[in-house]
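Enquirer: Provided herewith is a single structure, encoded as C-alpha cells, for subsequent inquiry.
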Amino acid sequence: MGELDCCPAGSQAKVHVSVPPLVEVMRGKPVTLDCTPLENPDHFVLEWFLTDRSGTRHRLASVEQQGSQLQGTVHDFRGRSPPYQLDSQGRLVLPQAQVGDERDYVCVLRAGAAGTTEATAKLRVFAIPETTEVIPNRGTLSVMEELAQEIATCSSRNGNPAPRITWYRNGQLLDVPMEVNSEGYMTSRTVREASGLQSLTSTLYLRPRKLDREASFHCAAHYSLPLGNQGRLDSSPFHLTLHYPTEHVRFWVGSPSTTEGWVREGDSIQLLCQGDGSPSPEYTFFRLQDKQEKVLTINLEGNLTLVGVNRSQSGTYGCRVEDYDAAEEVQLTKTLELRVAYLDPLELSTGEELSVLLNSSRTAVNCSARGLPAPTLRWTKDSVPLGDGPTLSLSPVTFDSAGTYVCEASMSTVPFLSRVRSFKLLVQGSPELRAEEMEPKAEGGWTEGDEVRLTCSARGHPEPELTWSQLGGRPAEPVLGGQGWVSSSLTLKVTSALGREGVTCEASNPHGRVSHVFHFGTGEQCGKGPGFSPGEGRIGYSEGGGRGRRGGVASRGRRRPEVPKGA
C-alpha cells in the first residue's frame, strides 16, 4: 500500500490514493492494477502512466468522474497485444502478463481544488524456465592431470527472473567458487532472449579423483515465484569416464571350484583377473613351467577358460596387468596354484564274483584307489556301512555273508568326485533246510481225506534242488527278502499210507544233501475214519528224536537250521 501527496508549492494536498507498491504475477496470467481514492472528491480525473527505462512517463489511460459514473479511455496501447484495458472501477488491466510488462506504473489523481496526488505500482512478471539440460563431457578425464577439467555444462532456458544453477555430486551440493583455480570452479553466462526471458548457462570444472569413478553428478536450476517462493528443476544424472592407473590386482579361480581351491578333472574352469585401473587394461595370462612364462592368452576381459582340465594342467598360473601408468610400487603380476583333483577307477583284489566255502575264516578283499587329494574308502553292504579303509575282512563266513559288497571312494574337500566298485560274494556249502508244518483243521488230529500243505525252504550255493517223496511238489521259487532261500510246497490228502510212511522233502547240491520227514498222527477219535482201524491211525513220536505232535504232524530231519529273521 502506498500513498503519495502531490500539490503546488506552498499548498498541501487534501486527497490520497491507495496503490499496492508491488504487484507479482505469473507470465500469461491477467493482472489488475488498482488505484483507489481514499477520499470522495466531487470531481476527479485519474490517469495511468507507464515509466520506461529512461524515466519518461507515457500516458496509457485516464478515468474521469461524471456524476456517479466513471468514463474511461485508453490513450496509448504502446504496441501491446492484447491491449491495455480499464475496468468499471477505473483499474488498469493487463491481459496475459508478459515479461515486457515489468515496469513502474504511476497513478495520478487530479481533484481540482482538493489537490493532486500520485502513487507508483511496480509490476514483476515471473516465468518458470524450461527443463534443465546438462551436457556432460563424454571424453575420458585423467585423474593424473593437475588442473581442473571441464566436467559438464548446465542450461536453464527462458525463465524470469534469471534462474540460479547449482551443482551436485552424489546428491551433495558442490561448493565451488567462480574464481578459476586448480581444484574446481564454475562459470556462468546469462542471455536475454528476444522474448525478454532469460537463459542461464553454467559450466563446472573439477580436478577428478579416482573416487569419482562411481559418483553421480547433476545440476539444478533454482527459480523465483510470487510471494517469495522458490522452485527447482533438476537435470538427469550423469557419470564420468575416468582414466586412472591400476593400484590393486586380483587373480582367482572362478566357478566351479571348491572352498579348498580344488577343481575336478574334466570340468571347464575360469581363471579371473581384475585390476582396478580404468579404462580396462590388457591382461596377459601365462603358466610357469621350469621357471619360464608360457603365455596362454592376452585379452581385455580378464578371463581365461580352461576346457576339460586334466591332472597334467595342475601348476602355477599367472596374470599380468599391462598398465604403464601404474606406480612402480604396484604389484601388477599375480600367481596362483591350480590344483586339479582326480580319482581313477577303483581296483579290487577279486573279480566281480568271489566264491568261498561256508565257515571259511580270514577272507579279505582289498580295494585300491589312486587320486588327489587322497580319497577316503568305505565298505557297505545293502547300504549298511561295514567299515572304513581299503581292506574288507569277513570271518567267519556264513550263508548270511553272501551278497553284494560295495567299495566307495570319496573326497571330503571335493564334492561330487567319487567312484564305486562292487563284487558279489558267493558262499559254497551244503544246503540248510527249513520245514514249515501245517496244523490240523480239527483239534483231535488229522482224518483221512484231509488236505494238507507242506512247505520246505532251503539255501546254499550252488542253489539247492528241492525234491519230494510224493508227486505234485511245486518248483522251487526264491523267498521274498529271504537272503538266498528258495521254497517249494506240496499239497496232498492224508491217507493211511502217508500215516505209516510219512512225506520226505530233500535239498541237495554238489556239496551235500539234507532231508526232512513229515509224519502224520491222528487222535484216537479219528481212528473211525475211512481206511483206519482202531489203533492203526495213531503215530506217536517219530524215530530219530524228531519232535512229533500227538494228533498233529510229526517231523524228522537230520538238520533243523534256524532261518534268518524275515526270511
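Cβ atoms here come from the backbone N, Cα and C positions, even for glycine.
Where the annotation comes from TrEMBL, it is an automatic prediction and has not been curated.
Values in this document were obtained by computation on a predicted structure and should not be read as measured data.
So TrEMBL lists these for the protein:
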- 8-124: domain 'Ig-like' (DOMAIN)
- 129-239: domain 'Ig-like' (DOMAIN)
- 256-337: domain 'Ig-like' (DOMAIN)
- 345-418: domain 'Ig-like' (DOMAIN)
- 431-515: domain 'Ig-like' (DOMAIN)
- 528-545: compositional bias 'Gly residues' (COMPBIAS)
- 528-567: region 'Disordered' (REGION)
Enquirer: If you average pLDDT over the domain 'Ig-like' (345-418), what do you get?
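Expert: Reported value for the domain 'Ig-like' (345-418) is a mean pLDDT of 92.
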Enquirer: Could you give me three numbers for the domain 'Ig-like' (8-124), the DSSP helix, strand and coil residue counts?
Expert: 6 helix, 57 strand, 54 coil
Enquirer: For the domain 'Ig-like' (431-515), how many residues does DSSP put in helix, in strand and in coil?
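Expert: Counting residues by DSSP class gives 6 helix, 42 strand, 37 coil.
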Enquirer: Write out how many residues of the domain 'Ig-like' (345-418) are helix, how many strand and how many coil, based on DSSP.
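Expert: Helix, strand, coil within the domain 'Ig-like' (345-418): 3 helix, 39 strand, 32 coil.
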